[in-house]
Amino acid sequence: MNCRWTLRAAKGRWMVNISQQCSHGSIGLFVPPSPPLDPEKIRELQRFITLSKRLLVMTGAGISTESGIPDYRSEKVGLYARTDRKPIQHGDFLRSAPVRQRYWARNFVGWPRFSSLQPNPAHWALSNWERLGKLYWLVTQNVDALHTKAGSQRLTELHGCMHRVLCLNCGEQIPRGVLQERFEALNPTWSAEAHGLAPDGDVFLTEEQVRSFRVPSCRCGGPLKPDVVFFGDTVNPDKVDFVHRRVKEADSLLVVGSSLQVHPHCPREEAPNCNT
């Protein structure tokens, strides 16, 4: 998949040039093949929703592919099908400044496109169900903020959100857009051409491109991390307990766009041995 874009400084402003394959008109690149809709299954889903009084919905990466964000496991178009690259590991990020530098350089380049992506009809439908009183609670594994953009409020972001950044020392949170401005100020002449797109918004860069990228620290001097659960980390137990209570209160459960291969109590890279 020849998806690439260039981020460079020009006359004091950062410019993003996106190839045609990555344009908003080509978001179908990340949608996996699927058979035609079965009218009877559609009617079955309609009956299920109609009879539900306290519906809890859980969503995964599959709901966002039509917004232009790839998932991990889909045949032919998921990250694992397109590349042998693996997601960043929580322990590596904590231990290694070079790993954090590489992560943030890739995320810096990918952020303008990732942050501009918009909800698709599935996100809007769930938001509308909430407004109509049909949806009791929404739990998402995604970190893309698309449910929030669609207006969902009865929402738990199980793995956090890329639109927030926190300090690993003092715990202070800042918006991701504020950090983007700091990156730009620290790297006024840095530029990079990116190839490919990962599900969490970062892109693929060479080690040579990353080497000169400068990463800011928190005001306290601590390292910064996106407010998300990386592979190898676990979800906050209080958040898991909160979701368990919402599940017990619900009378029905609908899963959208998730293979349910990762148990929330387990490190994300152990998914094959820790299934739900």
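Just so you know, the numbers here start at 1 and follow the chain as drawn.
The backbone N, Cα and C atoms fix where each Cβ goes, and this holds for glycine too.
Residues or ranges marked as domain 'Deacetylase sirtuin-type' by TrEMBL: 35-276. Residues or ranges marked as active site, proton acceptor by TrEMBL: HIS159. Among the features that TrEMBL reports, Zn(2+) binding site is placed at CYS167, CYS170, CYS218, CYS220.
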Exercise for the section: For the domain 'Deacetylase sirtuin-type' (35-276), would you mind checking the mean pLDDT of the predicted model? Expected result: 88
Exercise for the section: Whole-number Å only: compute the distance from the Cα of CYS218 (Zn(2+) binding site) to the Cα of HIS159 (active site, proton acceptor). Expected result: 22
Fill in the blank from the handout: Cβ proximity for CYS170 (Zn(2+) binding site), under 8 A, sequence spacing 6+, ordered by residue number, returns CYS218, CYS220, GLY222
Practice task
For HIS159 (active site, proton acceptor) and CYS167 (Zn(2+) binding site), determine the Cα separation and express it in whole Å.
Solution key: 17
Fill in the blank from the handout: The number of other Cβ atoms within 10 Å of the Cβ of HIS159 (active site, proton acceptor), counted over all protein chains shown, is 21
Practice task
Name, in the order they occur in the sequence, the residues of the same chain whose CB lies under 8 A from the CB of CYS167 (Zn(2+) binding site) and which sit 6 or more residues away.
Solution key: GLN173, CYS218, CYS220, GLY222, PRO223, LEU224, LYS225
Completion exercise
Apart from the site residues CYS167, CYS170, CYS218, CYS220, the 8 Å Cβ neighbourhood of the Zn(2+) centroid comprises LEU168, ASN169, GLY171, GLU172, SER217, ARG219, GLY221, GLY222, LEU224
Problem - Site of maximum Cβ density within 10 Å, from binding-site residues CYS218, CYS220 - result: CYS218
